[in-house]
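Here's the structure we're looking at; comments come further down.
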2 protein chains.
Amino acid sequence: MPELRKDPIIGRWVIIATDRAERPDQFISKPGGTPPEKPCPFCEGAESQTPKEVYALRPHNTQPNSPGWDLRVVPSIAPFLKIEGDLDRRGKGLYDIMNGVGAHEIVVETNQHIANMADLSDKQIAKVLKCYADRIIDLEKDKRFKYVLVFKNYGKSAGGGSIRHSRSQLIATPVNPKRVKEELTGSRRYFDYHERCIFCDLIHQEIKQKDRLILDLDGFIAISPFAARFPFETWILPKKHCCDFTSQDSESFKNLGKVLKTVLSKLKKGLNDPPFNYIIHTAPFRRAKIGYWKTIDQDYHWHIEIMPRLTRVAGFEWGTGFYICPIIPEDAAKFLRETEV
Amino acid sequence: MPELRKDPIIGRWVIIATDRAERPDQFISKPGGTPPEKPCPFCEGAESQTPKEVYALRPHNTQPNSPGWDLRVVPSIAPFLKIEGDLDRRGKGLYDIMNGVGAHEIVVETNQHIANMADLSDKQIAKVLKCYADRIIDLEKDKRFKYVLVFKNYGKSAGGGSIRHSRSQLIATPVNPKRVKEELTGSRRYFDYHERCIFCDLIHQEIKQKDRLILDLDGFIAISPFAARFPFETWILPKKHCCDFTSQDSESFKNLGKVLKTVLSKLKKGLNDPPFNYIIHTAPFRRAKIGYWKTIDQDYHWHIEIMPRLTRVAGFEWGTGFYICPIIPEDAAKFLRETEV
């Protein structure tokens, strides 16, 4: 069983991947090299190569785990967390530990062997986004879980592996990620003083000021954040206040599909298909449990953070939380704004 | 002038490197390749290739910026922060900004063209460590600064650049790094309840439990931390309680030199010379300012965190603060403990 261990000093939970743990000698540095490309397990017709699907968009006359689908969600073949078992939270001297219970799923975004999500249609991207919401709502029913992390690793240097088939991942966790807690605490602090959502104020200011605005389309904006950590870091935010990604209507998913396609296409065209990660930031499940229930609807605002992998992050940035961004966010925004797609 | 910008939601400061900022088109992905090795500016005899030294260990009969030195500190040729000017902290709508005032120095650890610090003598490493302390004490006199980050990037994929000459860096900052604040807050919380230092308790437990202990030598221990983020992450801690790295006596620096050499040699031998980063974690300068002055001496404990770069960190780990460690810390400790050097 994987373990979740808590850093006793700063309170960060870490998954210790005991089940898929490597032997120490697996980490001995070896000369590089590109492994030969294997047949893709995510293409239509290769359904037997993956674990059984937990969700699919497919015509009613097709069987699960057979061809004919449009989008599929399957459990990870090498999950970081295991779906069975109890949390069994316990101490070990001064340390805290619990069983690595959770879910780890792969969203296969297309039946075609297409690598970059930017090359899917906006309608297909909208289906992927709606699928995230459906899976989050389903996983929320499991009372052991507190949060679903939805993210994409595209390109080898972004952790995307060697198979070039567009997909994303969901990890349902029994703890709230540290960054999510910090966002909730920070936006709550602002709300307590101003009685306004900090993200709403930020959107208002960015639209007015324009210099960090990448696009303003169909109810969403894309911006270079003021204190960007990475070159061309981009946030997509809904202009209408809402804390919960899953509560969008179908029109909103359709529009978000168009906006996400536009932003990813700008990154692909402008920067020559760089590796990137994105993460959906949405409110945790049972807000009452963490003491935010009173005003969560007013003080948090869901959004997507996209991080191209153009510079190597030095270790001291992980170790200190202190980042150095080698480009001015306003210049990055201008470049992306002017990249025609 | 570089800028320091604060993320308004979670309160993280980011350096926007305006002066050395790249043009957006510099980030367009290009095919890789190894640049030809240039003559080393850090070797003895190349003193004119660096800015003028701010500190050196050299015989009295040698001139500054001439050969004969044993160790040199020079300002960075491409500093992230600038030494001149006022902070001029100000708002920009809801955002916070200040001038990127600070110091950025390079500690050239040897006059020989040696790449890995592990290959320096323990006496030379002790001199480097003492030099860190001397520079921190000197920079503390500048009332604009709150903290000195001391770190090493070794190897290209750890941000160490292409010049293979052993060196480390100091950045004096006008803000406390987020991680430092979190450590202070976390260890203070523990102290408030237990009236004991969490690090002292942790050291006690690790020595007793033994399974994460890498070495226990001359007043220091090296361990695999319980909730390690990275494979073979290693912390070195003084067994005697002390919050301040600079307040060690010469015997302690000598011993730490031996311990650091042993740990780095184990990593080099056991893992085939991997890239790594280390960071000195020590208490900030003017503790009263951040409200910790009453008990800082009792509740914080300086230490060194070493992070080999053996796995690529996926973007979602930056974006969520949620890490997945692909090896069991006890296995990593055993491997390093048993690696003879």
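A Cβ is built for glycine as well, from the same backbone N, Cα and C atoms used for every other residue.
Owing to the predicted nature of the structure, the values given are computational and were not obtained by experimental measurement.
The Cβ of B:Cys43 (Zn(2+) binding site) has 18 neighbouring Cβ atoms from other residues within 10 Å, across all protein chains displayed. The feature Zn(2+) binding site is assigned by TrEMBL to B:Cys40, B:Cys43, B:His113, B:His165.
Each residue in the domain 'DUF4931' (B:104-171) gets a DSSP state, and the totals come to 25 helix, 18 strand, 25 coil. Look at TrEMBL and you will find B:104-171 tagged as domain 'DUF4931'.
The domain 'Galactose-1-phosphate uridyl transferase C-terminal' (B:188-306) scores a mean pLDDT of 90 in the predicted structure. According to TrEMBL, the domain 'Galactose-1-phosphate uridyl transferase C-terminal' annotation covers B:188-306.
Each of the binding-site residues B:His113, B:His165 was scored by the number of other CB atoms within 10 A of its CB, and the lowest score belongs to B:His113. All protein chains included, B:Cys40 (Zn(2+) binding site) registers 14 other Cβ atoms within 10 Å of its own Cβ.
The Cβ centroid of B:Cys40, B:Cys43, B:His113, B:His165 marks the Zn(2+) site; residues of that chain outside this set whose Cβ lies within 8 Å of it are B:Pro41, B:Phe42, B:Ala46, B:Gln112, B:Ile163, B:Arg164, given in sequence order. In terms of DSSP secondary structure, the domain 'Galactose-1-phosphate uridyl transferase C-terminal' (B:188-306) contains 52 helix, 24 strand, 43 coil.
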